[in-house]
């Protein structure tokens, strides 16, 4: 009877450890793998989607530059350029908060865009604001090719 009990206990131990090692763990591993692969897919989507604040700003800028008529609209105050050309041209379903971008304000952003040659900027009369005006737009600039295709 002891042998049967021991055998029964061994059998019970095998049954108890069998699903734990063979059934539950792989299931848990598969679930964990699904969670990990899901987060990896999210990370990949983040890399390919242009939904970061800087990306939204740059996309809106590129589209907005193409809406400026250099002959009639320029020179234009930087704040007017931002309000009338950048904000309305952000991608659909997005919001744009300059404070959440790496630039924090429109001036540093426009200075960087001016350094690439897409736009030219002018200072205020007293010289305190180096980016008071957008004075020129280079519509044929290479950085604007993609924006032009999307329009």
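Placement of Cβ uses the backbone N, Cα and C atoms for every residue, glycine included.
Listed in TrEMBL for this protein:
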- 1-12: compositional bias 'Acidic residues' (COMPBIAS)
- 26-39: compositional bias 'Low complexity' (COMPBIAS)
- 40-54: compositional bias 'Acidic residues' (COMPBIAS)
- 54-131: domain 'eIF2D winged helix' (DOMAIN)
- 1-55: region 'Disordered' (REGION)
Counts by DSSP class (helix H/G/I, strand E/B, coil) across the domain 'eIF2D winged helix' (54-131): 42 helix, 6 strand, 30 coil
Whole-number mean of pLDDT values that fall within the domain 'eIF2D winged helix' (54-131): 95
